Amino acid sequence: MLQEGAHGKWTVSSSDESTEENSDSEKPSTSSLLDTTHGRTSGPQYPCSEARKAAHKRKASPLKLSDNKISTEIPPAEKQRTSQEGSGWCLSSSDDEPEDKEKRAHKETLKEEKCDAPTEHPLNLCKDDELPANQKAEEYDQTPREAQDTWDLLNGGNPFRFFLTKVKGIEHSYNSGALHIKDILSPLFGTLISSAQFNYCIDVGWLVRQYPQEFRTKPLLIVHGEKRESKAELIAQARPYENISFCQAKLDIAFGTHHTKMMLLLYEEGLRVVIHTSNLIAEDWHQKTQGMWISPLYPRLPQGTTGSAGESETNFKSDLISYLTAYNSPALKEWIDLIQEHDLSETRVYLLGSTPGRYQGSDKEKWGHFRLRKLLKEHASSIPAQESWPVVGQFSSIGSMGADGSKWLCSEFQESLVAAGSSVTSLLKCDVPIHLVYPTVNNVRQSLEGYPAGGSLPYSIQTAQKQLWLHSYFHKWSAEVSGRSRAIPHIKTYMRLSPDFQKIAWFLVTSANLSKAAWGALEKNGTQLMIRSYELGVLFLPSAFGLEKGYFRVRGKMLSESNDSATYFPVPYDLPPEQYGSKDQPWIWNIPYTNAPDTHGNMWVPS
């Protein structure tokens, strides 16, 4: 379809129309592995989304502003044009709904995340451009001083155990208290016996190199959602490593993905659980804003202990076992047994997962947004004048929301987000302010990575054009508080705040983007919840941290020390969020941006 808008003319091929529905447009694709046969630059050597492949290609073959060969043509397709006034782009009306797509989804777009790479500063262009992107992303060495800091961090000053990943290219002080994957896998955390890595996009060779030399041959189970060619590719990556085994998560509902990001680490000293937001690829640990929750070291229970021993007040142990049991996999039985044998009673967070399926009756409350609703009703305090307490959602991808807010966002999803206390309140649609934080085109252009950062924000033109109403809820990414305004977010967070943005009723960090696939959507007159994907997050509630007032305070500076640090939650971005201005547009990955260069002097043409 020919398109015309603020960025010039381009065409969108119907073959590029995402098979997503509400599955975040991050579906994997193995075509990058086959590109060389068509004479094109080979993509990443692991399965990933079309958006990430485009980012990989642009990094390998940048287009400068002065480049005459820039073409804004993307493969030919039907000629059709619909203009949308004031939207900044012209939009086609021909995107298929998921149901239609399911009928003709012969090409399996396999993955759903993103595989991109690094960059440095906005207006002063980066100095390390001679280094291959993957090498830049992989450089990480910890000094002895930093190792001591990591140890102190883990064993003291962070009652929430909520951390950001280190970001290359920001002021050093803002990485104080942040962790790289090599820190997490370091012997400081424990003497590793074996581990399990649950994830979406996985570069096996890179992952192995993140383990210390002495742990690289320890048993490693990789839990993934790959099928067919991309599964074969993943297994091929692991051939050199005899210690690696696989567990394929069953994905029986179309367009679902295994999006959960979790590490289970068994040590001689005990067990640790890490629930996070990063893919297991170099780029996700380099110059993005990512988050994680790291459990305490769980000691082994005395032999012969049975029943509910080692359970926390938040029921974390049985909820984690229920989540793992949902995979129905013999490979995970060993890990379920190991968790049973450990004492998880020190856990202060609630587990919130999604697993694929159609749930009725009380099963509806086990997963997705109905699980959040249940937890908030049972454990969150009732809020006075609660309709004035806004909800903030922050994410890196967006699924199909429907023709207007009443279809899902401002109905069933909002009802779960605003649940609190045992009193059942039925607030009118969108009475509670909803602030959605998603990067603008300028956020991406001015980021450390430049335009390729947009490879991990796979919002497509086909989805965006159907829901222009949604964009009025959008707010810019800004994270001066953590020094990460130019580190594009791949973290996903949701919270409920007071009208002055100083108090937090609850805070969630999760793998779940803004999509029905991740959170679930009601079917059959509201009697059934359908979830497509695996997701996992942890919910922070004031009551679990001994705060009787029913709220956390917002910490002003992430770096600031507070004597009462359990009262102040370290939200990693700026509050209140700033609404899009009239000239701001949400980042859309599959259209060109050629009017202004990014921080590396490059354009974005995703073809």
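Every residue, even glycine, has its Cβ placed from backbone N, Cα and C.
TrEMBL has this to say about the protein:
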ACT_SITE  HIS259  active site, nucleophile
ACT_SITE  HIS490  active site, proton donor/acceptor
BINDING   LYS261, LYS492  substrate binding site
COMPBIAS  28-44  compositional bias 'Polar residues'
COMPBIAS  83-93  compositional bias 'Polar residues'
COMPBIAS  100-119  compositional bias 'Basic and acidic residues'
REGION    1-133  region 'Disordered'
SITE      SER515  site 'Interaction with DNA'
Candidates HIS259, LYS261, HIS490, LYS492: member of the recorded positions with the richest Cβ shell (10 Å): HIS259
Alpha-carbon spacing, LYS261 (substrate binding site) to the residue listed as 'active site, proton donor/acceptor', which is rounded to whole Å: 12
C-alpha spacing of SER515 (site 'Interaction with DNA') relative to the residue listed as 'active site, proton donor/acceptor', in angstrom: 15
Rounded distance in angstrom between the Cα atoms of SER515 (site 'Interaction with DNA') and HIS259 (active site, nucleophile): 12
Other CB atoms within 10 A, centred on SER515 (site 'Interaction with DNA'): 30
C-alpha spacing of HIS259 (active site, nucleophile) relative to LYS492 (substrate binding site), in angstrom: 12
